[in-house]
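Chemist: If you look up TrEMBL, you'll see 28-51, 96-115, 121-139, 208-228, 240-260 marked as transmembrane segment.
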Amino acid sequence: MPKLPPEHKFWDLSDYARPGAIWLVKQLLPTSIGAITLTWLFTAVGLVSVVLIFNRYALTLAGSLLILKSLLDAADGEMARARNRPSHTGRYLDSINDLILNGLVLFSIGIPLMIPVWKITLTWISFQLQGTIFNYFYVIKRHQASGDKTSRISEVTSPVPYPQENPRVLFMLHKLYLIFYGWQDWIIDTMFKGNQITNSRSRPIPNWIMSLISIFGLGFQLLIIAILLCTNNLELTFPIFLVVYNIIAALVVFSVLILGSKKLQKRAERL
């Protein structure tokens, strides 16, 4: 099934690789290649890009590999849906590998530039939180709109494994996921707790809000890095994600909180 019903789809700026991913999945469906294989493949592609970036070699190729990584990242989920084999295991593995690759990419950019480790680490944390904002809203919208519910709004409890999943592997990946992402989910959930936009059961999050915050999606973040690689402007990476993106994120969060509060006030007045 698609992630969202047609009437609730929005212009996702981070999902530019989706058409290519759908095409690739159609070619691979007759083969034995599965979603997990594609997850490991995008991980390998990402690692090759990291090596090229760190050595400042073939930076245009490194940027192109990041785009290919985004395509393969989209393809693993498409493959799972095309074969009607949803997987918590695959989703956790995908998220964990993404986080590790994001850190490696940022460190491979920053270390040769003599950027302090604390600044690279802070950028990595910001990078992740920005992506978590988008993912949080996207998961909620899918649940509100009766879309794909493989991703859960709260990941605190262990999920019930699907028949094709190994319970032990799923248990370990879930614990790793909580270590890497639990604190992020808690921060975002705490900020929007009680907000009428994210907590409405009758009306999904407006499409214009989703389109706006899709700039925080990993695909769009990697697209920016790919452009910086191709134009040899890697020194702009940290100002963009540590300053510019955080300012935009703060404005978006503040706006949603205000809009959600107004809806709550209007409802109270009607009562």
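From the backbone N, Cα and C atoms, a Cβ is placed for every residue, glycine too.
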Chemist: With a Cβ cut-off under 8 Å, give me the same-chain residues at least six positions beyond the ends of the transmembrane segment (208-228) that come close to it.
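Modeler: Contacts with the transmembrane segment (208-228): 10-17, 63-64, 66-67, 69-70, 73-74, 98, 102, 105, 109, 127, 130-131, 133-135, 137-138, 141, 197, 234, 236-237, 240-241, 245, 248-249, 252, 256.
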Chemist: So what's near the transmembrane segment (96-115) in sequence-distant terms, Cβ-Cβ under 8 Å and 6+ beyond its ends?
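Modeler: Result: 39, 42-43, 46-47, 49-51, 53-54, 56, 66, 69, 73, 123-124, 127-128, 173, 176-177, 180-181, 218, 222, 225, 234-235, 237-238.
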